[in-house]
Structure formats: structure tokens, C-alpha cells
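Student: Sharing a structure below in C-alpha cells format, with a few things to ask.
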Amino acid sequence: MQAIIKEFQLGQHTVTLETGAIARQADGAVLASIGDTSVLVTVVGKREAQPGQDFFPLTVNYQERMYAAGRIPGGFLKREGRPNDGETLIARLIDRPIRPLFPSGFVNEVQVIATVVSVNPEIQPDMVALIGTSAALAISGIPFSGPIGATRVGYIDGEYVLNPTLKELEESKLDLVVAGTDNAVLMVESEADVLAEDIMLGAVVYGHEQAQAIITAIKEFKAEAGKPTWDWTAPAKNVSLEEKVASIAADKVGEAYRITDKVARKEALGVAKDEVVAVLTSELAEGESLDKQEIGKIFGSLEKKIVRGRIAAGEKRIDGREPDMIRALDVMTGVLPRTHGSAIFTRGETQALVTATLGTERDSQLIDDLTGTHKNHFMLNYNFPPFCVGETGFVGSPKRREIGHGNLAKRGIAAVMPTLTEFPYSIRVVSEITESNGSSSMASVCGTSLALMNAGVPIKASVAGIAMGLVKEDDKFVVLSDILGDEDHLGDMDFKVAGTAGGITALQMDIKIEGITQEIMQIALKQAKAARLHILEVMDKAISAPSEELSQFAPRIYTMKIPQKKIAEVIGKGGATIRQLTEETGTTIEIGDDGTIKIAATDGESAANAISRIEQLTAELEVGTIYEGKVVRIVDFGAFVNILPGKDGLVHISQISTERVNNVTDHLSEGQEVKVKVLEVDRQGRVRLSIKEAMESAAPAADAPTDA
């Protein structure tokens, strides 16, 4: 069993690719490693396509094994279950740059499985998985126009940093992933701390340049370990049928694409397609049948040719707009009375209903992954129900696309969010897409910014998002602002940019063709900035600053600090004291290890009551001070008196009266209120009290000290 190993340097790290020792029955299997982070990537393809298959069934699975970090999974089963959101996002990150590189017409099933088997917490496994996938596909023999290289780029102290560690990313103003071939960028995914367009473009170019070392190494690895390429040829085009379909439907498709309303346009295209089927069916000889899937594919190609040709020739777009025009905008805030914050953002035929909900730290999301357990205080969920595109469909748990779009919107907003210290709330945003015709994720960014401001969340600035498209025919190209769903489907690029008036906060790019130059990206960024500023201007007319008051239905959070040694007194035995406090005051109380207490209440009176009770619980008794107390228990040698919540002291029989006391019950009864003087608090916290000295003392009774 002879393993083939390839090592190469990538920035500060050494990358190792190994094949031939593990998973030898897969078409391609590579153990990719950077430092102690290792990912096993396998690729298997079916030699024969399913009969009637009309799409490319590529599946990418990314899975993190807890043993990779020396941990045992939680839960009853103690094993990994369905992919979490993080795993789903990385699976999409791998899928996006490799999918365009399979040849047109290739519809054989291909499955990529990336399994994290060892992890160094400082080296993220996503880049290792991407590099491993590229290498595994390259050596598999499956038709693939790779390899690709992928890098992560940070921006620290004005310098680009290649593949920064997790610690370096904490200081970085940028987290950008770029993937591409030796001569083209295919995919960009990023989050930024309000950076200028030229810095973002520079990061893309830098990352692509650095990825060349990966591509070169994988080519050398393939030369040594690669399997013969499959003997596959693309199915021959049915030219005569294409010409026949065009002769029947070209004019009607052209007319349909001059209809600006999406629903009406869809109906017109349906009529044209039905006519094609009817005409061709009438011309069939006896015993012949019509391949409706093939007809549908040819009809789709005709649509694409007509729309792209018009745009490239300088004609107006499908809905009558110029290339840089934005659809009509409509913005409303505070639309739902009981939510903490809400907004409806409408751009043409795309609409998002967005809500913001405030909660306590206890409401934050607990994430258990390879790096350990940590809390997520800002959650953004994106829902794309079938009715938003006028269809019926399955409604249930979120699909990969919904998870990805929600994450993109969240990354676009993250840079302007307050810290937990500045605003001690957990925040959940939900974007319900109620209409969709292109760029619903960017509508979610705009709606989120509006809903957060409506909720009174002190975000640093308004954020807007825009989706750009591209039509490139030979040397001609047109960059489109605010693309429709059809333009996304028929175009060559999906380029999404979110940001404030001051710069970019998120950038996502997916390119379907090679040849996207730096010039094209520069024009797209410039056009996107103009569009973003226009949208921000409209949004600011609706709401330009966070509401000064929170919703009356939102919890108010008050913060106080107690000495760490007093934490146990507030919690009580088995949590009894804090449970009693929350029940009696109607508040939610959270205590940090450093003694910070957060009290959440829907009204100020409840919070003030809870604060007062906690101050009493944590107050230090002062020797010589007189307190008002209540007798709670009588014993033969005296009585126990409660002087502060949770604090009892003993009045010895000799300290009850100036007269001789033979029987305690002759002078005191349970529930009786008395004034007592603190004589002593010993090392164990036991308190000696005196009624006699309180009566003799001339000092006035003191209220409970509020030393907290």
C-alpha cells in the first residue's frame, strides 16, 4: 500500500496532499492537511447517467467529526447527527466553485464527501476541505475543468494576510474566501468591517494570485497520482429540432420578454412553450413520441439567447430598465404591533417582511462545534416559502439555500451590530420572503437594518444590499444593477454587495463563465456602490436612526454588580433564592461569574423591586448598627431574628431584656417585629444580636445598607 504524497508551501503553512492509502475504492480520495488540521475528501461518480436525467446531480457533503478535536458528542445518542448550519455553509462553499467546471451536458451523478478527521483550533478546516476537493476531483478521472485553488484573505494593519489563523481573524477587518482556476475567479465569499471597494477588489486579486501555488501543486499531484479521464463525450445537439423550435417560438418568446410583469411574462412563455409542443406533436409520425424534457431544454436555451442578445446589443432589460437602474422601492417600519421591531422592504417584485426580537443572554444560541461550546447573541433566519414565487411546495425545516442566504444577510449586518456590553440583549431577526423576483437575500439585508432600527437596536449605520449581474458575449459585456430572477438565471454572474454609506460589509460572488476580468469586477463594484447609496437614501427617509425607546413589549435589561463572594447568597441553596426572586418580582435574572447581574423586566417597577431585593441580599451587616427584624424561630436559649433577606442572627436569652428572662416566649413570639443591634459577625458569618442594647442605644434605626 504505497501512498503518494505532495507537499507545498502556502503562506505561513505547509499543505500536504496524500492519496493511495485511505478510501481506495473511491474514484478520488485525498487526505488534505494543513498543520494538524486534516480533511479526508472522497469523490465518486456514476459511469452512466440516469435515463431522462436533465440536470447535473452533484452532491457535496461536509461533516465534522467530534473525535477530530478529541471530544465526545453531547446528547443522548453521543454521535453526530444531521449537519449543523456551519457544516451546511461549508458544503455550499465547496459546491459553488466546482459546479461550473463540470462540462455542459454532463448529468452523471457525482458525490463529494469531505470529513474532518483532525483539527487544530487555529487552522479552520474549510480551506483544507476546498483544497482537498480540488485535488480529489483532479485525480478521479471524472470530467472536470479544474483544478481550482482557494485561499482565505485577512486585512490587518493595512496589509493583506494569507490564510490567517483564528486568532489573527479576531484582529482582521476582513474575512474573504476566494476560489478560482489558474486564469479566472469563480467564487468570492466575504465579511468586512466597512471597507472601501478598492481594498475589497485588491483582496480578491491577492487571494487569486496566492491560489496559483495550490493549482500548480495539484496539477503536479495529478500527473503522479491521477487516473485516466473518463471516455465521455457531450451528447450531440439536435440542431434540426433547435431550428424547428426557434421557428415556431422565437417571435413569441421575444414578445413575452417585453412584458414587464413577472406573472404575465411567465404565462406568455407557458403559452409559447405549449404551442411548440402542440405543433411538434401534430407533425409526429405514427409510433413516434416527443421528448418533452429535450423540448424544455431547447426552449430554455432559446430564451437565454434572445434575452442575452438584446442586453448585449444595448437594448433595455426584461422589465424595461437601463443596466444601472434600480427597481421602485417601498419601505415601511413598525408594521407589526406586537413585535419588538418590524419592517417591510419592497424592491420591484421582491419583498421581505423582517422582524427583530430582543431577548436576554439566556435566549442566545448555544453552538457546540469542533472549537468547543460558545454562544451566538445575534441570529438571523431567512425563510423562502413557495408562495413567494407563486408556487406550491414543501414547508418545513430550512433548506441549504435558506441557510446560506440567511448567513449572507447576517454577515452584511454584523459590522454595524453593537457589542453585548453596549446593548446587553440577544437579538433574533427573521426575514420572511413574501415576494421574490431576484435578490431576496439583499432585500433581507435592507429589511434587517430597518427592523433593527425600529426595535431600538443601536446599530452604527444603515446597511443596504444590492445584487449585480453580467451578460458577456465575446468582447462585449454589460453589468446589470438589481437583477431579476430571470437575469440571474440567464446571466453569467451573481455579484451581491452589502454595505453602509462608508463601505462594504459583505461581498458574495458566483461566476458561471471564465474570463471575468479585474475591469469587470471594478465596474460592478462601482455600479453597486451607486445603487447602494440610492437605496440607503430611500431607507433613511423611513428611519435614519435607531428608535430612542424600545417596544413596550420588549424586555428592559438592567445591569448591576455584586462582589463575587456574594454570588452564592443570591443564588441560594439549589437555586432556591434566585427562583423565589424571579417568581416574586416577575423578572428574569442572570448572574455572571464575575458578579455581573442582568435583570430583564417588562417594566421599571419590577426591575427596581428585583434590584432592591438583591441589594438587601448582598448587603454587608455593620456591627453596632440597629436593624428592624422579624422573629423567625424561638429556641430555649434565645431567638433567631431575620434582619435582611437570607440573613438571620441569634438574640441570646441574656440579650432580650434588661430584666431577667426565664422563658423566651414570655417576651417574644414568632412573627414579632423587633429592633436589634448587631453585636458581632464571626468568621463563619454567624451574627450575634441584641434587643436589649437596641433599646438602650440612642442611635436611630438604620435602613439596610445598599453596598453592592
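Every residue, even glycine, has its Cβ placed from backbone N, Cα and C.
Heads up, here are the entries from Swiss-Prot:
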- ASP488, ASP494: Mg(2+) binding site (BINDING)
- 555-614: domain 'KH' (DOMAIN)
- 624-692: domain 'S1 motif' (DOMAIN)
Student: Using a Cβ-Cβ cut-off under 8 angstroms and a sequence gap of six or more, which residues of the chain neighbour ASP494 (Mg(2+) binding site)?
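Tutor: Spatial neighbours, sequence-distant, of ASP494 (Mg(2+) binding site): ALA467, GLY469, ILE483, ASP488, GLN508, MET509, ASP510.
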Student: Including all protein chains shown, what's the count of other C-beta atoms within 10 A of the C-beta of ASP488 (Mg(2+) binding site)?
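Tutor: For ASP488 (Mg(2+) binding site), the 10 Å Cβ neighbour count is 17.
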Student: Please spell out the DSSP helix, strand and coil residue counts for the domain 'S1 motif' (624-692).
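Tutor: For the domain 'S1 motif' (624-692), the helix, strand and coil counts are 8 helix, 36 strand, 25 coil.
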Student: Using DSSP, what is the helix/strand/coil residue split across the domain 'KH' (555-614)?
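Tutor: The breakdown for the domain 'KH' (555-614) reads 32 helix, 16 strand, 12 coil.
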Student: Can you give me the average pLDDT across the domain 'S1 motif' (624-692), rounded to a whole number?
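Tutor: Mean pLDDT, the domain 'S1 motif' (624-692): 89.
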